[in-house]
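These come from TrEMBL:
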DOMAIN    20-306  domain 'Sugar phosphate transporter'
TRANSMEM  16-35  transmembrane segment
TRANSMEM  47-72  transmembrane segment
TRANSMEM  84-102  transmembrane segment
TRANSMEM  108-130  transmembrane segment
TRANSMEM  165-189  transmembrane segment
TRANSMEM  201-219  transmembrane segment
TRANSMEM  231-255  transmembrane segment
TRANSMEM  262-283  transmembrane segment
TRANSMEM  289-306  transmembrane segment
Amino acid sequence: MGKGGSLSEGVLKKIVLSYTYVAIWIFLSFTVIVYNKYILDKKMYDWPFPISLTMIHMGFCASLAFLLIRVFKVVEPVSMSRDLYLSSVVPIGALYSLSLWLSNSAYIYLSVSFIQMLKALMPVAVYSIGVSLRKESFKTETMVNMLSISFGVAIAAYGEAKFDAWGVVLQLGAVAFEATRLVLIQILLTSKGISLNPITSLYYVAPCCFVFLLVPWIFVEYPILMATSSFHFDFAIFGTNSLCAFALNLAVFLLVGKTSALTMNVAGVVKDWLLIAFSWSVIKDTVTPINLFGYGLAFIGVGYYNHSKLQALKAKEVQKKAAQADEEAGTLLEKREIDGLVKKNESEA
């Protein structure tokens with residue numbers, strides 16, 4: 001009983017911890033999205049400066065990451081040459097800055113619920129860009145699934161009560177840039193054996209994002225901010241908002257590191273439905289039956305895609321283990337043959 005009981009306690013503890021990580025990630029992701037909407041929406045806090053908000057996040061995250069790595073030495077920095085930084089991190093930083101800029105801009109024009117529905121197109125964008133860059137192999141079954149997701153999102157868009165074409169363009173642009181960034185991470189970093197956790201990622205990428213955003217900010221938002229003499233920087237609002245954004249990155253590290261990427265995908269689905277419910281019940285955004293029907297179709301397609309990816313990963317893992325077992329068996333057989341020859345030579349001598 002003691003041994004079995006300890007095993008049960010260990011399993012129970014692991015399950016409780018996994019659900020705790022999921023709950024923390026959902027809470028922080030939910031908070032950051034709603035908080036950004038609150039700050040940027042003209043009917044709420046009324047501070048419609050998405051580039052400035054993104055720069056505040058990047059500056060705050062870069063500073064904290066620097067302190068954690070260089071001062072407190074909580075995480076070891078990754079060895080990275082200047083050429084590697086310029087050829088790999090800088091393009092990823094440029095795409096990340098564009099993705100954050102456009103996605104934050106979309107909150108000014110679209111409801112939280114509709115933005116979550118449009119984000120269902122992320123697997124479509126990642127797969128399409130992966131195929132075009134020869135990182136993914138084209139499969140008719142997968143492409144049909146991608147079309148079903150797109151069809152579901154199109155129905156959701158058709159049923160949107162407060163449809164704004166410019167807002168949709170901004171959000172689709174954000175999805176495209178983010179999908180390209182995810183594919184380039186695999187090509188430029190992962191393939192070279194470089195793995196960045198969220199802290200080291202912010203340490204290298206956040207300053208790069210800040211510099212890229214500085215250029216459009218000078219021409220687009222800086223003149224307006226200077227003309228708005230009544231504006232005073234609210235340290236409580238922007239400080240807590242930036243802290244939530246940084247904490248979210250740490251939560252991603254915990255969730256993926258202690259559970260799995262699939263768990264994060266499932267948690268993401270739960271978070272999206274919670275945001276849609278919150279948007280409808282608290283923010284009072286209009287969510288129509290056609291919205292829900294279209295998103296439901298897209299949700300089924302995304303779920304099937306995640307299931308297919310999981311099965312493919314399991315099959316790949318089985319093949320890898322089988323190859324390792326064959327290699328070990330071959331090595332053992334070779335060793336036995338060598339031992340046999342040695343003994344034969346000794347007996348003949």
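Cβ atoms here come from the backbone N, Cα and C positions, even for glycine.
The shown structure was predicted, so the numbers you read here are calculated from the model rather than taken from an experiment.
Within the chain, the transmembrane segment (16-35) has long-range Cβ neighbours (under 8 A, six or more residues past its boundaries) at 112, 240-241, 244-245, 247-248, 251-252, 254-255, 258-259, 263-264, 267-268, 270-271, 274-275, 278. In summary, the transmembrane segment (165-189) lies against the transmembrane segment (84-102): three or more C-beta pairs, each 6 or more positions apart in sequence, are under 8 Å. Count of Cβ pairs under 8 Å against the transmembrane segment (47-72): among 84-102, 108-130, 201-219, 231-255, 289-306, the largest is for 201-219. By the Cβ criterion (distance under 8 Å, sequence gap of 6 or more), the transmembrane segment (108-130) is counted as touching the transmembrane segment (289-306), at least 3 such pairs being found. Of the ranges 84-102, 231-255, 289-306, the one with the most Cβ pairs under 8 Å to the transmembrane segment (201-219) is 84-102.
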